[in-house]
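**Q** I grabbed these lines from Swiss-Prot:
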DOMAIN    7-303  domain 'Helicase ATP-binding'
BINDING   S42, P43, T44, G45, T46, G47, K48, T49  ATP binding site
BINDING   C146, C164, C173, C209  [4Fe-4S] cluster binding site
MOTIF     252-255  motif 'DEAH box'
REGION    858-884  region 'Disordered'
COMPBIAS  872-882  compositional bias 'Polar residues'
MOD_RES   T874  phosphothreonine
Amino acid sequence: MPESLIAGIPVHFPFEPYPVQRAYMEKVIQCLRDGTNGVLESPTGTGKTLSLLCSSLAWIRTRQSEHQQQMVKMEKADFTGLGGGAAGGDLSELAKTMGRANNWGVPKVIYASRTHSQLTQAMRELKRTAYANMRSVVLGSRDQLCIHPEVMREQGNSNKTNMCKLRVHSKTCSFQMRVESRKDHPDLRGPSIMDIEDLVKVGQRLKICPYFASRELVPQADITFMPYNYLLDPKARKANKIELGNTIVILDEAHNIEKICEESASVQIKSSDVAMAIEDVTHIMQVFASGESQDMGGDEPKDFTLDDLTLLKEMLLEFEKAIDAVVVENAVEGTTFPASMMYELLGKANFTYGNVATIVSLLDKLVQYLLVASQQMTIRKGGTFTMLSDLLTIVFANKEDVMSKVYASFKVHVQLEEVKQGHGKQQGGKQHGGWLGKGTIAAATGSIKVAKIINFWCFNPGFGMEQLLNTQVRSVILTSGTLAPLKPLIAELAIPVAQHLENPHIVDQSQVYVKIIGTGPDRQQLISNYANRDNPKYISSLGQTILNVSRIVPDGLLVFFPSYPMLNKCVDAWQASGLWADISVKKPIFLEPRSKDQFTSTMEEFYQAIRDSKGAVFMAVCRGKVSEGLDFADRNGRAVIITGLPFPPLKDPKVILKRRYLEANRTRENQLLSGQEWYNLDATRAVNQAIGRVIRHRNDYGAILLCDSRFKDASQVQQLSKWIRGHLGDRPQCSPFGPIVRELRQFFKNAEANMKLPDERETDSPLETVCKTENEPIAAIPKVKREPGSNATFKSANESAIKVEMANSIKTWTPADYASAAGRKLGGAAPNAMDFMSRLDSNVSSIDFNCCMDSKSGSSGMVKIHKRERSSPTQPESSSQVSKKRYKLVENIKVEPSSSQVKEAPAERADFLRELRSLVTQDQFRRFGKALLEYKDGTYESFQALMVILLDVLSAPKVRYMLVGMRKYLKNEHKDEFDQKVGKL
């Protein structure tokens with residue numbers, strides 16, 4: 001492939017890069033070289049993904065080459081005199097070998113996007129480049145990767161996750177057990193790039209679990225592909241063992257990144273969920289009391305006791321009572337409270353930072369217990385326990401020392417929910433020992449009509465981004481086709497950005513026709529605001545506009561509405577008036593369905609209809625599946641009509657609170673948007689994304705028709721993507737409908753005559769990335785003339801198998817996805833990577849029963865029991881008796897750190913080595929140097945050899961602080977074992 005020198009780095013690109021691609025790659029390389037962050041916009045169709053992959057991996061490959069040269073030089077270095085002053089040069093080289101803190105070796109790339117279909121497209125792009133032989137891996141969910149037949153039969157992601165955990169824990173999954181012995185198989189470690197489907201095929205062939213096998217590939221991968229939720233949520237990162245130190249994080253399709261950051265930190269719980277959780281606990285207690293637990297859960301002792309259940313039920317009853325006491329003043333819109341109210345509610349039930357890890361662990365064990373029991377009898381599978389676990393995990397995710405930020409960034413909103421009669425009815429209608437709570441009894445008898453919904457909402461996306469930056473990543477690059485305007489985005493995310501870019505489109509001005517249509521054929525104003533959207537004249541005029549445009553636009557026509565209600569309202573009116581039938585005569589009409597199954601079949605029918613000479617119309621909704629993830633290149637989308645601005649619901653509580661948050665926190669320094677500016681921008685970004693479905697590559701062409709007179713307002717125009725603004729001019733105006741019809745007809749006549757046909761452009765499917773990587777420049781392909789009105793038959797990509805089953809297949813993430821992590825440590829809030837060492841230098845507290853150890857230690861916070869240890873069901877049970885009997889609270893006793901703990905190792909490499917040489921003998925220092933050189937490749941064997949030397953040389957109390965200081969020079973995958981070995985000293 002041709003090589004281009006970009007920002008001093010040789011980049012192999014499939015063809016001579018266009019100016020916009022070169023500018024984009026320069027910005028990427030500058031970010032990686034300087035260790036800074038970037039926000040880069042490049043319109044869809046400009047080869048953004050290809051440019052991103054080639055530039056980042058070219059820089060990685062260059063760094064790898066430099067690193068190898070340095071290692072060769074180090075191998076030739078003379079370390080015989082390391083103990084003396086004459087070896088200053090060699091000492092300097094050894095310091096370079098050690099690298100910076102958390103910076104051993106070459107950085108790695110993490111490429112994240114919204115959906116797995118987008119990740120698959122990116123991996124297909126990578127396969128066509130000169131970097132296809134670089135090591136890569138994709139991380140997916142159990143729902144996508146599991147091949148165990150019984151787990152696959154489970155309904156819902158949460159049930160599959162819990163069933164998988166159960167089988168792994170009980171060692172009854174043969175696929176997972178084979179991973180260790182076959183993880184180095186050539187089919188798994190080979191040079192070929194494997195997407196989700198490829199991983200599943202390899203797993204089936206080797207009879208190993210693709211989910212766990214993919215995790216084994218991560219440490220050696222140069223680039224790892226994963227969905228956003230694996231990356232942005234700190235708990236998900238911990239569960240998937242994702243190390244971010246010295247990594248390059250690329251967030252593609254980042255136009256919704258603020259919302260994703262907010263939603264990953266938000267959670268909801270219903271009082272009806274709490275009531276059902278109480279029922280489930282009560283049922284398990286009844287089973288224990290009757291001695292039937294062996295029948296339900298097998299012969300193994302349970303990981304919880306009857307006393308554990310008693311205490312949990314007391315806490316849930318108190319939580320239910322606290323929720324019942326909340327006064328909702330506005331029954332329609334709900335009532336808003338400060339974030340502290342959530343901690344007060346949970347505190348009344350004794351859910352605290354001190355015991356939340358223990359409670360979450362117990363809830364997870366109960367879910368697994370019910371999963372086993374559900375195989376033998378009809379019983380709920382613990383979904384309410386999962387919801388409670390999600391709530392506690394998210395609410396207590398942040399450490400207590402950042403609570404001021406939490407209070408500023410979150411709000412609690414309480415709404416009322418109608419409850420069905422008899423919902424949550426107790427099985428068998430029995431009350432056991434007076435343990436049915438008031439809410440449970442009321443729900444069972446139908447005496448209450450409403451339940452409360454407790455929402456814990458985050459409104460500060462910068463809160464999550466700050467946590468990401470604190471992991472010591474090298475660079476974060478946010479990129480998309482529709483990020484503009486950039487300043488508000490950067491301000492909300494609150495990250496330092498050194499590089500930013502708004503690229504023009506790669507297509508020529510003559511290939512795009514953009515107009516604002518302010519009136520329909522009958523001169524009725526087109527404006528889809530609240531006051532006009534029910535106007536029959538407006539709806540009729542909009543339908544006539546679409547009818548006239550459908551007569552002119554060849555092939556595919558996309559029509560986007562602000563919302564589903566507006567789409568349905570127009571469809572009903574047009575069907576009643578006959579306009580629907582008139583449009584259908586010109587082109588068959590397809591409507592965007594909401595269900596995944598219907599969506600797949602509808603897309604297949606639409607692509608099939610495009611083959612017909614009439615084409616087809618697809619009516620969809622902004623922010624829907626079609627507007628966010630699909631490619632309508634060439635004939636699939638020759639024009640897009642935007643019927644209105646998709647503003648968020650003005651009276652929605654979340655929208656109201658977001659606007660209030662911005663107004664309350666806006667300053668001149670942080671440059672946050674006002675509430676109204678954010679409201680307008682949210683609508684325009686959805687429009688930009690919908691527009692991006694057409695004009696998908698260098699030789700594509702199409703029309704963009706903005707059918708709402710408000711698009712002429714300067715405030716709206718400035719929020720459109722830069723390349724669209726260029727077509728509207730400095731002072732855009734609404735054009736009369738008649739001239740637009742004539743211009744549009746002439747535009748398509750010229751385009752069909754001068755642009756090359758879609759069948760000449762090689763594609764795999766309409767859903768794949770369209771920026772292909774031909775070996776020759778696209779511009780070199782000769783243009784083919786098509787006679788106007790020709791009914792030529794196209795042998796296009798549509799005639800190949802149309803793969804729509806993965807289109808925009810967004811997997812909804814829940815905290816249950818990370819709750820199953822193997823080797824999980826259930827402390828309070830998840831500590832960061834340096835917490836182990838930083839705690840050696842701080843005050844130490846004694847351990848109480850709330851402290852959870854790793855289950856392997858045999859000293860968990862929850863005590864395993866046998867049946868003989870159960871409390872007697874006939875014994876009077878009170879909360880005080882139970883607590884005294886099973887749980888003993890221990891006061892935290894502070895221990896002052898020793899002098900060796902207080903002292904810290906020098907931060908600079910050269911200073912570190914000089915001090916070490918002054919503390920140890922010449923022979924010890926020589927052994928240390930040799931072991932460090934042998935560790936250059938970072939293999940596990942070389943790590944073990946290095947640890948032997950470190951523990952021998954640096955375990956003495958007076959030099960142990962130097963041992964602690966060595967941690968930052970180790971590879972990330974070796975740090976946990978290092979911590980364990982040092983912790984035993």
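Every residue gets a Cβ built from N, Cα and C, even glycine.
Describe the structural context of these features.
**A** DSSP assigns T44 (ATP binding site) to coil in the three-state reduction, outside any helix or strand. Taking the Cβ of T44 (ATP binding site) as reference, residues of its chain lying under 8 Å away and at least six apart in sequence are, in sequence order, G481, T482, G692, I695, R696.
Listed in sequence order, H148, V151, C164, R167, C209 are the same-chain residues at least 6 apart in sequence whose CB falls under 8 Å from the CB of C173 ([4Fe-4S] cluster binding site).
Residues of the same chain lying 6 or more positions beyond the ends of the motif 'DEAH box' (252-255) and with a Cβ under 8 Å from any Cβ of it are 48-49, 52, 111-114, 118, 122, 478-483, 685, 688-689.
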**Q** Counting Cβ atoms within 10 Å across all protein chains shown, which of the binding-site residues P43, G47 comes out on top?
**A** G47
**Q** Just to verify a number: CA distance, T49 (ATP binding site) to C146 ([4Fe-4S] cluster binding site), in angstrom, no decimals.
**A** 29
**Q** Count the Cβ atoms, other than its own, that fall within 10 Å of the Cβ of C209 ([4Fe-4S] cluster binding site), considering every protein chain shown.
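**A** C209 ([4Fe-4S] cluster binding site) is surrounded by 27 other Cβ atoms within 10 Å.
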**Q** Neighbourhood of the [4Fe-4S] cluster site (C146, C164, C173, C209): other residues with Cβ within 8 Å of the Cβ centroid, in order?
**A** R142, I147, H148, V151, R167, V168, F175, Q176, Y211, F212
**Q** For the binding-site residues listed here, C146, C164, which shows the highest count of neighbouring CB atoms within 10 A?
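**A** Within the set of binding-site residues, the most crowded position is C146.
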**Q** Using DSSP, what is the helix/strand/coil residue split across the motif 'DEAH box' (252-255)?
**A** 2 helix, 0 strand, 2 coil
**Q** Quick one: pull the CA-CA distance for T46 (ATP binding site) versus C146 ([4Fe-4S] cluster binding site), whole Å only.
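**A** Cα-Cα distance, T46 (ATP binding site) to C146 ([4Fe-4S] cluster binding site): 36 Å.
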**Q** Report, in whole Å, the straight Cα-to-Cα distance of C146 ([4Fe-4S] cluster binding site) from S42 (ATP binding site).
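**A** Roughly 36 Å, rounded to the nearest whole number.
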**Q** S42 (ATP binding site) has how many other Cβ neighbours within 10 Å of its own Cβ?
**A** 27
